[in-house]
Every structure is written in structure tokens, then in C-alpha cells.
Amino acid sequence: MISVKRNTWRALSLVIGDCRKKGNFEYCQDRTEKHSTMPDSPVDVKTQSRLTPPTMPPPPTTQGAPRTSSFTPTTLTNGTSHSPTALNGAPSPPNGFSNGPSSSSSSSLANQQLPPACGARQLSKLKRFLTTLQQFGNDISPEIGERVRTLVLGLVNSTLTIEEFHSKLQEATNFPLRPFVIPFLKANLPLLQRELLHCARLAKQNPAQYLAQHEQLLLDASTTSPVDSSELLLDVNENGKRRTPDRTKENGFDREPLHSEHPSKRPCTISPGQRYSPNNGLSYQPNGLPHPTPPPPQHYRLDDMAIAHHYRDSYRHPSHRDLRDRNRPMGLHGTRQEEMIDHRLTDREWAEEWKHLDHLLNCIMDMVEKTRRSLTVLRRCQEADREELNYWIRRYSDAEDLKKGGGSSSSHSRQQSPVNPDPVALDAHREFLHRPASGYVPEEIWKKAEEAVNEVKRQAMTELQKAVSEAERKAHDMITTERAKMERTVAEAKRQAAEDALAVINQQEDSSESCWNCGRKASETCSGCNTARYCGSFCQHKDWEKHHHICGQTLQAQQQGDTPAVSSSVTPNSGAGSPMDTPPAATPRSTTPGTPSTIETTPR
């Protein structure tokens with residue numbers, strides 16, 4: 001009994017020591033309750049420093065930032081299974097921080113976490129998507145391609161948010177993206193950023209510097225196939241790859257019997273990025289022996305992806321697309337993007353493609369039109385230069401002819417003078433004049449063209465002068481006609497006004513029944529003189545200021561006229577005439593109102 005207890009304690013001490021060496025002391029300390037460590041715990045630092053050779057300094061360990069080491073020791077949940085490891089070098093959260101509570105069964109963990117193959121596939125899709133965007137911008141124009149490349153680098157460097165990237169990309173290309181682009185970037189961009197951060201830390205640079213130096217690994221079409229999703233990791237050190245220690249060897253005999261049923265699941269928990277992490281130097285197993293040389297990375301990645309997909313998703317049948325991607329030869333990876341794009345274009349996308357092509361054709365037509373205009377301007381400038389050159393050549397020729405027509409003696413003396421170089425210059429100029437310049441039209445054709453142009457100008461000026469004179473004549477005639485009409489209208493208006501005034505005056509003078517104030521029909525008579533007639537008392541009062549001066553005088557004149565009339569009737573033999581022949585002393589305002597008064601007073 002004592003020996004059994006001693007053997008048990010010896011075994012437990014060995015297990016605890018082994019766990020301390022391997023950094024999994026939590027697993028040994030608490031086998032029955034749920035326990036997990038954060039990726040940036042000191043245990044990770046210890047394990048990383050122990051597993052990394054002395055030639056490669058470990059990446060900086062900051063408690064605030066997440067760990068990006070290629071190997072993160074994962075703890076056990078009830079000692080049954082590992083939490084999924086990093087995707088392409090980016091650690092995934094342990095089981096204690098997953099979406100739901102961890103369970104003791106491996107199937108629940110498979111449902112909660114994403115398989116490494118799926119993560120590698122999504123990362124490859126993201127790289128292929130960014131490369132396609134950059135190529136699409138280059139197809140439009142080099143300037144737009146440069147802008148798209150800057151936007152992609154800013155998105156990966158986290159200097160641009162996904163929404164800003166989406167809006168600026170649409171503004172640069174004038175081409176709307178699909179609706180699933182923003183969710184796709186939000187879901188898969190952190191994988192690429194963690195991978196970039198990991199590679200930058202290994203290279204002792206910040207992500208912006210590393211991406212600026214290794215930009216071709218992100219935007220090169222040859223590195224965006226699914227099997228080459230971790231080419232960014234391969235660029236740091238091609239011969240310094242190490243393998244994460246096998247989980248069965250790492251945890252030893254402490255595995256519970258539940259996992260003995262599926263031993264093939266052990267390699268599937270290691271992502272392709274962890275198998276070939278970019279660490280310098282050789283890697284060592286927990287027993288201190290170096291790992292054997294691994295086979296080519298692509299072969300391992302394909303096997304890992306296929307096995308992980310088969311065992312983790314065994315409850316669902318693989319889709320036709322997955323089988324096609326898995327069984328496609330590696331030589332056809334360059335044409336995979338074109339085939340997928342050709343087969344996945346919808347009617348709306350075809351309409352957008354045609355719209356884009358129409359826009360490109362319109363741009364080409366505009367460029368052709370601008371080029372044609374530029375050539376026309378250049379041709380006109382060349383013609384103007386030729387005309388000016390011919391003009392000066394003709395003037396110089398005329399001047400030379402005049403000089404030649406001068407004195408022959410002076411020319412003879414100049415020819416005999418050895419100092420004067422004029423004959424040589426004249427010969428050179430004569431040779432220049434008679435030698436036709438290459439590309440220039442003969443002078444006769446230019447003269448005819450000038451004469452034709454001048455004739456056209458003269459005809460145009462003549463026609464213009466005729467048109468101007470005709471327009472002036474028509475305008476003058478129109479002004480004269482309108483002026484005559486206006487004068488006739490004014491004269492007619494004046495004549496009509498004069499006739500109306502005379503008619504009114506004559507009507508007032510001829511009417512004996514009209515009012516002396518307003519000219520209407522009179523109904524009353526002035527009681528003072530019985531001569532003035534008014535239409536009413538109002539008009540009589542209005543006219544009294546004028547009428548009272550003559551009202552009494554008229555009455556006195558009538559009384560004085562009555563007295564001689566009576567005396568003449570007594571002495572009929574006197575020489576005085578009849579009272580009808582004697583004019584009154586004072587005449588009324590008008591002769592018409594005085595007539596009835598005379599008629600009325602005569603019988604008296």
C-alpha cells in the first residue's frame with residue numbers, strides 16, 4: 001500500500017514537472033474545473049522563449065496588445081480538447097473567452113470555433129479581393145490605380161476605417177461595390193492585420209514599414225491563391241521555419257481516454273500559419289531534438305485544410321465548390337479568379353459592366369476629339385509659320401533683286417575684294433532659296449491659296465457691306481414711315497380737338513335755353529336782368545361773381561330804352577327812329593340772351 005502511494009506521488013510529481021517545463025501548469029493544476037489563460041500571459045512568454053532558439057530574439061511582449069506569436073500554448077477545457085489555434089499566425093481567443101461557455105465535448109468546441117482551413121480560405125479571399133480592386137483601378141487608369149493602391153494600404157494599416165475606405169473607393173472608381181463588401185471586410189480584415197502585425201514584429205518594424213517594403217506580397221496576384229495565403233509569413237526567413245510541437249507529445253500521457261477515439265484530430269488543431277511560422281533558426285521538440293525537415297509548405301497546407309474540413313465539418317457534406325477548390329491543380333490557380341468572376345456575374349453586375357464600358361468608350365471618344373483638335377491647332381500654327389517664312393523669303397529676294405539691279409561696277413569691286421564675304425553669303429542664300437525645304441509646299445501653291453483666301457475675304461466683305469446698307473435703308477424707311485404716321489395722328493388729334501371745342505362754343509352761343517355757367521339746358525332766369533339763364537341756383541351763385549357787374553347795367557339800359565319809346569309813340573312825326581333801331585346802351589354778355597328781353601319789353 002505504501003509503495004502504491006509512493007508510485008502515485010512519483011507519477012504526479014513527474015507530470016507536474018513536465019507541465020512546468022512545457023508551460024501547461026494550469027492543465028495539471030486544475031484538471032476538473034474550467035480554466036484558461038489569456039494569450040499574453042507570462043506562461044506564453046516563457047514557452048515562446050523556451051521554444052525559440054537563442055539566435056532569434058523573442059517578439060516584444062506587451063500586456064496591452066494581443067499576442068501575435070506563431071505558437072500560443074492553449075489550455076484544456078476539462079482536459080478534453082484544445083482551443084483552436086491561431087489563423088496564419090494570429091492567435092484566437094481561448095475557450096474561456098469564446099462566444100458561449102465551454103463544454104467537455106469536442107463537438108461543441110468545433111461548433112463554437114472556426115476551423116483553421118476556413119480562416120486561411122477567408123484570408124486568401126481577402127487578399128484576392130484587395131488585389132482585384134487594385135487591378136481594377138489600374139485597368140481604368142494609372143492614376144486611379146495608384147489611388148486604389150493607397151486606399152488598400154491605408155485600410156490594411158488601419159489608417160482608414162472600412163466605411164471611409166468604401167466611400168473613397170467608390171468616389172475614386174465611380175463604380176459601386178456589392179453590398180456584402182463591408183461585412184466581408186469587417187469579418188476578415190482583422191485576420192490580415194494580425195498577420196501583418198506578427199510579421200512586422202518578427203522583422204522588428206512597425207506594420208506600415210513592413211507593408212511598404214513587402215507591398216508586392218499583398219497586392220501581387222501570384223500570392224493571392226488559397227494555398228499561398230501565408231506568403232507574407234514566408235518572406236521574413238525562408239529557411240527558418242519551425243513546426244509547432246505535436247500536441248500528443250506536448251501533453252504526454254495526461255490525455256484522457258475520450259480523445260483516444262479520434263487521434264487524427266491532433267494535427268488538425270494546428271493551422272497552416274502555425275506549422276510554418278516565420279521564426280529564425282531551427283525548432284526543437286520538447287525532448288530537445290530538432291524536428292525533421294518538413295515537406296513543401298503547399299503540400300502540408302493542402303492536407304491540413306482537407307483533413308480539418310473533413311473532421312471538423314463531418315456532419316455536413318462538402319459543397320461542390322469546396323471539392324472543386326480542393327481538387328483543382330495548383331497550376332490553374334491563376335485562372336481561378338477569372339472563372340469565378342465570369343460565373344458569378346448577375347444581371348445587375350452585367351448592367352454595371354456595360355455601363356462602365358460605355359463610360360470608358362465615351363472617355364476614349366473625348367480623348368480622340370481633343371487629340372484631333374490639338375492636331376488641327378498644330379497644323380494651323382505650322383501653316384502660319386510657313387506663310388511668315390515665305391513672306392520674309394520673298395521680301396529678301398526682292399531686296400536682293402534690287403541690289404543686283406544697281407551698279408555692276410560696285411558688284412565687280414566687291415567680288416575682287418578678299419575681305420568682303422558677301423558673294424559667299426549671296427550664293428548660300430540663293431542656294432537656300434532654290435532648294436525646296438523638306439515637308440514644305442511649293443510657293444506657287446501657297447500663292448494660289450492666298451489669292452483664293454483673299455478673294456473669299458473680299459466677297460465676304462462685299463456681301464457684308466451690302467447687307468449692312470440694306471439693313472440701314474430698311475431701318476431708315478421704317479423710321480420715316482412711323483414718323484409720318486405719328487405726325488398724321490397728331491395733326492388729326494389736334495384738328496378733332498379744335499372742331500370739338502368750336503362745336504361746344506357754337507352750341508352754347510346758338511342755344512337760348514342753355515345755362516350761362518355750365519351750358520346745360522336752362523330752367524331759371526336771373527331776376528335782376530331777366531336775361532341770364534341758369535340750370536339751377538348753384539350755377540347762378542357760381543356765375544354771380546361775373547354777372548353782377550352787368551346785371552344792373554342791363555336793367556338800366558332797358559329802362560332808358562323804354563322812355564324814348566313812349567315819347568316817340570306820343571309824337572309820331574318826330575325824326576327819331578323806332579326803338580328797335582336804337583341799340584341798347586349796354587350790351588349783355590352775349591347777343592343771344594338779349595334777344596328775348598328785347599322781344600319781351602317791346603309790348604310794354
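The backbone N, Cα and C atoms fix where each Cβ goes, glycine too.
Record note: of Ser41, Ser141, Swiss-Prot gives the feature phosphoserine to Ser41, with no matching annotation on the rest. Within the set 404-440, 515-551, the record from Swiss-Prot flags 515-551 under the feature zinc finger. Each of the binding-site residues Cys515, Cys518, Cys535, Cys539 was scored by the number of other CB atoms within 10 A of its CB, and the lowest score belongs to Cys518. Taking the centroid of the Cβ atoms of Cys515, Cys518, Cys535, Cys539 as the Zn(2+) 1 site, the other same-chain residues with Cβ within 8 Å of it are Ser514, Trp516, Asn517, Gly519, Arg520, Ala522, Tyr534, Gly536, Phe538.
The DSSP secondary structure for Cys535 (Zn(2+) 1 binding site) is coil.
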